[in-house]
Every structure is written in C-alpha cells, then in structure tokens.
Amino acid sequence: MSWIPFKIGQPKKQIVPKTVERDFEREYGKLQQLEEQTRRLQKDMKKSADADLAMSKSAVKVSLDLLSNPLCEQDQDFLNMVTALDTAMKRMDAFNQEKVNQIQKTVIEPLKKFGSVFPSLNMAVKRREQALQDYRRLQAKVEKYEEKEKTAPVLAKLHQAREELRPVREDFEAKNKQLLDEMPRFYNSRLDYFQPSFESLIRAQVVYYSEMHKIFGDLSQQLDQPGHSDEQRERENEAKLSELRALSIVADD
C-alpha cells in the first residue's frame, strides 16, 4: 500500500516518523496479500469439491446407463459385471459425498469466515488514514499561525488551532497504535487457525482413498477372469472388433 501525499494543507513538521509509516505499510501489505490468497484458496477449494461431486455423479449415471443397455437382458455375465460396477460407483459416490461434506464444514466454511474479517480491517485502515489527513490539516493550520506576527488575534487563533489539533492527534495516534499492535497478531494467527482445517482435509482425503482402494479391490476380484492379463483382454477385444467390422452392415462401400 502506498500513501499519496496531499498538496494542500501539508505541515512542514514530520508528524509520522518514516520508520513508523514503513512498518505500517509492510504489515498492511502482508494482510492484503493474505486476503487475496484466502479468497483464491476458498474459490479453488469450492471448485475442487464441485468437480469431485460431478465426477462421482457422472460415474453413477454411466453405470445406470449400462444397466439399461439391452445386453444386460441377454447376457447374465454382462449383467453381473455391470451390477457390480453400479454397486461400486454408488459406494464411491456415497463416500465422495461424505468427503465433500467434511471438507465444506472443516475447510471451506472456515476459509469463508476468516475472509469475512478483512472488510472490517480495511475499514479500520481507512479510518486511520482519514484521521491522519485531519491531523496533517490541523498541524499545517497551527504552523501557519505560528509563523505569523504574534498579535492578540493571531495568538487567539493559534490557541484555538492547538486545541482543535490535540484530540485529533490523540485519535490518530490511538488508531495507529492499535493497528500496528493488532495487524501482526492477526497475521500470525493464521497458522493456528488454518492448521486444524488442513489436517482435517488430509484426513478426509486419506479416508476417502483408503475406501476407494477397498471398493475397487472388491470390484476387481469380482470381474477378473483367472489367467487373463491386460494384454490378453486387449487382443480379445481387437479380435471381436475385427469380427464386427467384417459384418456387411458396417463394411465400407
């Protein structure tokens, strides 16, 4: 974040040390980056969860489409195979739904809640900037009267300007101190806040893929034909495809 100096009403006195202003800009810049990263992560997690659900729902639909295929009425072995596939896809979809629900509750929702803090933070920074503008304007006003000849009217106006400046200066200093104290604390709290969420994410993925290993292991045992390798199945498929191509209804003219 960079502050744009004002051309009108700028005091000659450096009212905020440059080191303080640099510290403020550094801490606020880190929080702006954290805000953007949190927003992007929440969006990506939501897209990932939606894609996971779409994948398992599509797999279930494919198995249901296969069950309605006329081949299932004619070939009991094919029906048994597709029924086993359908059962596996439905089990996969159920565990996937459970995984996504867990991720929604323990990762996406906490990200959303964490992100909801930033508007209040940004508003506090705006109030601090407004207080700084008022501080500079009144400090410049005090300096203007201090440079004039010390007549009674000038001294009266100087006294009044100093009285106006005092609460404004105190207000800015309080806002500045509070932000400088709390911004680093908020930034450092992100680890303690997010660690349980991402531990839960990892556990949900581990449970899901462990169940997928069992589901597809069971499916493989039901479908495997003893002594058939992948190469043998591929050769058998090619042979059957060649027979189909030889039929007159699919032959080239």
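Quick reminder: no glycine exception, Cβ is built from N, Cα and C everywhere.
Note that TrEMBL annotation is computational and uncurated.
Some features that TrEMBL has for this protein:
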COILED    24-51  coiled coil
COILED    121-148  coiled coil
COMPBIAS  227-240  compositional bias 'Basic and acidic residues'
DOMAIN    9-232  domain 'BAR'
REGION    221-240  region 'Disordered'
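Within the chain, the coiled coil (24-51) has long-range Cβ neighbours (under 8 A, six or more residues past its boundaries) at 1-3, 100, 103-104, 107-108, 111-112, 114-115, 118, 121, 125, 176, 179-180, 183-184, 186-187, 190. A Cβ distance under 8 Å defines the sequence-distant neighbours of the coiled coil (121-148), meaning residues of its chain 6+ beyond its ends; these are 3, 6, 9-13, 15-16, 28, 31, 154, 157-158, 161-162, 164-165, 168-169, 171-172, 175-176, 178-179, 183, 186.
Mean pLDDT across the domain 'BAR' (9-232) comes to 91 in this model.
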